[in-house]
Amino acid sequence: MYVYRIMLFLVFGGYLLSPLLMSGWASPEVAWYRPFVIWGVLIALTLWLEQKRKLDER
Amino acid sequence: MNASLGGLLALGSGYLLLLFLGALAIERQWIPTRIARHPVVYTLALGVYASAWAIYGSLELAGNAGYGYLAYYLGVAGAFLLAPVLLVPIQRMTRTYQLASLADLFAFRFRSRWVGTLITLISLLAVLPLLALQVQTLGDTIALLTGTARPALLALLFCALIALFAILFGARHTRLHARHDTLLAVIALESLVKLTAMLTLGAFALFVVFDGPADLQAWLDGPGRAAQLGIAQLDPAQWRTLLLLFFAAAFLMPHMFHITFAETLSRRTLLQAAWSLPLFLLLMALPVPLILWASQRLGVDAGGLGTAYLAYGLSESLWLQGVVFIAGLAATSGTMIIISLALSGMILNHLVLVAHPPVDQPDLYRWLRWLRRALIVAVILGGWLFYRLVGVNHDLTTLGLAAFIGIAQFLPGMLALLYWPGANRKGMVSGLTAGGLVWLAGTWVPLLSDIPALVLLPPGLEVLAGEPVWYVVTLVSLAANILTLILVSLITPTSAGERAAAEACSVDAVIRPKRLPLVAGNGEEFKHHLARALGEEVASREVDRALTDLGLSPLDGRPYALRRLRDRIQANLSGLMGPSVAQDIVDRYLPYRRGGLEPNDDVQFVESRLEAYRTRLTGLARELDGLRRYHRRILTRLPVGLCAFGADDELLMWNDALAELSGIEGNSVIGARRDGLPPPWEALLGRVLLEHHDHLYKQPVTLDGTTRYLSLHKAALEVDEEVRGGTVILVEDHSEMKWLEDELVHAARLASIGQLAAGVAHEIGNPVTGISSLAQNLRYDTDDPEVLESATQIQQLTDRITRIVESLVGFAHGGRHVTGQPFAPVPLANLIDEALHLIHLARSREDIHYHNRCPAGLEVKGDAQRLLQVMVNLLGNARDASAPGGEVTIDAAPQDGWLHVTVTDQGHGIDEWVRDHLFEPFTTTKPPGEGTGLGLPLVYSIIAEHGGQIDIDSPPPGQAKGTRINLWLPLNPEHGECTDEPDPDR
């Protein structure tokens, strides 16, 4: 359940801060693939939490 | 574009034919089931979310709003990230109550068919633009590639093929809530095609149009920058609103709800999708900006082609355009198939069956199946018509947003369903109506005509004037929806049925159903009652199915089992014809019996639910549940029989010790009424429950053909607000104690007889001595040979009487050993002779032959009388076990300072299970009444007193049957040598 709280925090935090993702579209300082990298990191984090949850439920 | 109409038709038809073949391969199991059921297949099937919007609409949105197009993917990714707290509870409900659609779920929760009907109508209206969007992309690309003037007819042809596929592989089962492996695998295949096509296009853009990532970045920083600066970025508030819309669509869109919840998949698979679906969507989203930028670099005419179809401008080559077309067709067909299946089920359950209940249908299953197929065709045709009449006038974004805003109206209700048990049906209907009307007036109706969007901004929201219509409509409709839902729910009363359903649906509540008795008394009666509504055949099949699901017998009459059977039938019927109709049928034809005692909580059911919820409990609740389980285990493992009855005489507990004593498993009787228990428990427990005494001692009961004596003690469970009433009963088995008491009485009687016999023997001794003396005198007084012979015989007979009397007196005195008295040397051969002599006195089984092979001169140290008792007992047992004419042999030989004595018979032997307990009191192989079971324990005890050992071989080594008793006794060191050969027939 504590893992679920981390997920809730991540999702709502991400929801509020997500407009920052969009600012790089026309900005030369930011690589075009930055949103996808952040997204990939989030997926990796979720995968890690999912493994942790499996261990918790054993 | 240069594709021919025939070529395009061949490509499209070929792709759909490939789908048919794929489906056939899975159905015929040419592809192994483990592949078809792999979790990756489920993740890919969830990719049905990526509809034509993902292929074309995203490009259009990226061209208009930059990274704003990501909202479509990130919204659904967020919803799946929250799977454990959002999707898993919904999955649990839909599985438990066999709810196949959103309308089923809401109708079940709010106990209202009107809620289900309203949800269905709004879903239908919302999905029509989405269906039209799919068909429109088909029509547009056909027109684009072939230049034909009548793309709509060709689109209709593709729609017909898609409908045929949906009917063949999605509507074969009558039940909506069933796993369709074929369908799931085909949708997964379509997702794989979409993904491969998009990645191919992205790679083409990045490595063919651009010269790799560095070249792309250089172009973006240089020549391409001007084009990017022209793209208006979404306002953060609009972005968040867009995210919210797609978040809601992830699990509220009919096709997403269908794949996620109606296809019965495991919780583990759903949780795995929390990261695997976002990964799939990431890969789908990645090529979109690449395609856009590549087309900008190539200078593709966005005005002529349409931003949504820029991918077709990347190259003139047919294969690349074919890839784009197939990607679009895969997205379109998958979405349309699942939407048509999901919507047809909703329309069937909440419009058709509500208006025309299926009572008295001669072949219900067939009727439902054909109705559903007709509805599938109607839904797809409706989408095509909407495209022809309305969709052609709008771009993809407008159509898509109209659909997503409509679906978002279910979000407040869904959150209330999961987290607010206070919400009621009036609030739900009012909120949905308010939000739905704002949506219709602001977005949907303007699609149909040129009427401008009608959105009335409430006071305080004037700041929204001038913002995009979709944004204003979303905010106002959701605000109206939420406020109305809360206000109306707070000021209107909630029915008891709704409260119960709210508890069943709420994430943190545990359902507490009541123990109400049913009118029907067993499964067979259920069939009889249901036949009036469903017909005999369907009723029989449904009841049998529910019985099989629960593993119950048709004749099981336990009230608890019948309540579970009723619930299961309702859930199964819900999967067949929706929760509203199912509830009506079950309430009407399988009613509860009213009256009598105030119903109590169904403790057994509550406990089973708590067991199922265990992994979800945290903190204090988890600790309390741990304590509950611990206390329950104490009662279950208590080494004394325990059972508990509710105030209505329903059995609530039957612990392990009682199960062992009675031979009745707890699971087979818990939930039964006391008068439904098997004999003799019904009468026995009835006696203790009905009598005023709290204790019944040593009640004789026949269990497994033997009489046992049970003591029962009862205590009432006090009734107050917190504690449920009833009675707890302890059952103690006092049989052994009763036998011990009887044996003690018997032993006392034997002891008194022994004393009497000893006295009588003593009294006999004197006259016998007199007779012997007289006979001696007679021999002196006569020379007559006949008289001398008679006198000699008289003396021999009196000697024999004397030996008998001495043996009897000795045996009577031999039962007790005086502690501390030193052991004396005992000649073993003589001891055995004396024992044989006593055995012969019994005059029973005189045809047994005894062979004393003990060599003369062997002596042991011990108490002669007690050792005599040992031999008498062993020889008596050997005699009793032997067949007529049998032989019993006694051997003895010195062995390492011990005397090894064996008594061997050729009798029936001893069973293995008895052998381990032979030296325990009251263990006997003899028929009832013939053996006390005390002989061998006494032997064991005497041998132990002598420091010896005893062992049993049955059968003895080298013999087919029989028994050998081995004794090891301490050898007398002074006279322990064998002096002569044994006399075989002594």
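Every residue gets a Cβ built from N, Cα and C, even glycine.
Per TrEMBL, these features apply:
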- B:759-973: domain 'Histidine kinase' (DOMAIN)
- B:6-27: transmembrane segment (TRANSMEM)
- B:39-59: transmembrane segment (TRANSMEM)
- B:71-90: transmembrane segment (TRANSMEM)
- B:152-171: transmembrane segment (TRANSMEM)
- B:183-210: transmembrane segment (TRANSMEM)
- B:242-261: transmembrane segment (TRANSMEM)
- B:273-294: transmembrane segment (TRANSMEM)
- B:318-349: transmembrane segment (TRANSMEM)
- B:370-387: transmembrane segment (TRANSMEM)
- B:399-420: transmembrane segment (TRANSMEM)
- B:427-449: transmembrane segment (TRANSMEM)
- B:469-491: transmembrane segment (TRANSMEM)
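Counting Cβ pairs closer than 8 Å and at least 6 residues apart in sequence, the transmembrane segment (B:39-59) and the transmembrane segment (B:71-90) reach three or more and so form a contact. Against the transmembrane segment (B:273-294), stretch B:183-210 has more CB pairs under 8 A than any other of B:183-210, B:242-261, B:427-449, B:469-491.
Contacts between the transmembrane segment (B:242-261) and the transmembrane segment (B:399-420): present, as 3 or more C-beta pairs lie under 8 angstroms, all at sequence separation of six or more. Comparing B:6-27, B:71-90, B:152-171, B:370-387, B:427-449 for CB pairs under 8 angstroms to the transmembrane segment (B:183-210), the maximum falls on B:6-27. Taking the domain 'Histidine kinase' (B:759-973) as a whole, pLDDT averages 81 in the prediction. When each of B:6-27, B:71-90, B:152-171, B:427-449, B:469-491 is scored by its Cβ pairs under 8 Å to the transmembrane segment (B:370-387), the top-ranked stretch turns out to be B:152-171. Counted as Cβ pairs under 8 Å, contacts with the transmembrane segment (B:427-449) are highest for B:469-491 among B:6-27, B:71-90, B:152-171, B:399-420, B:469-491. Ranked by the number of CB pairs under 8 Å to the transmembrane segment (B:152-171), the listed stretches B:6-27, B:71-90, B:399-420, B:469-491 are led by B:6-27. Beyond the transmembrane segment (B:71-90), the same-chain residues lying 6 or more positions past its ends with a Cβ under 8 Å from any Cβ of the stretch are 46, 49, 53-54, 57-58, 61, 105, 234, 239, 242-251, 256, 260-261, 267, 270-271, 273-275, 277-278, 281-282, 284-285, 414, 418, 507.
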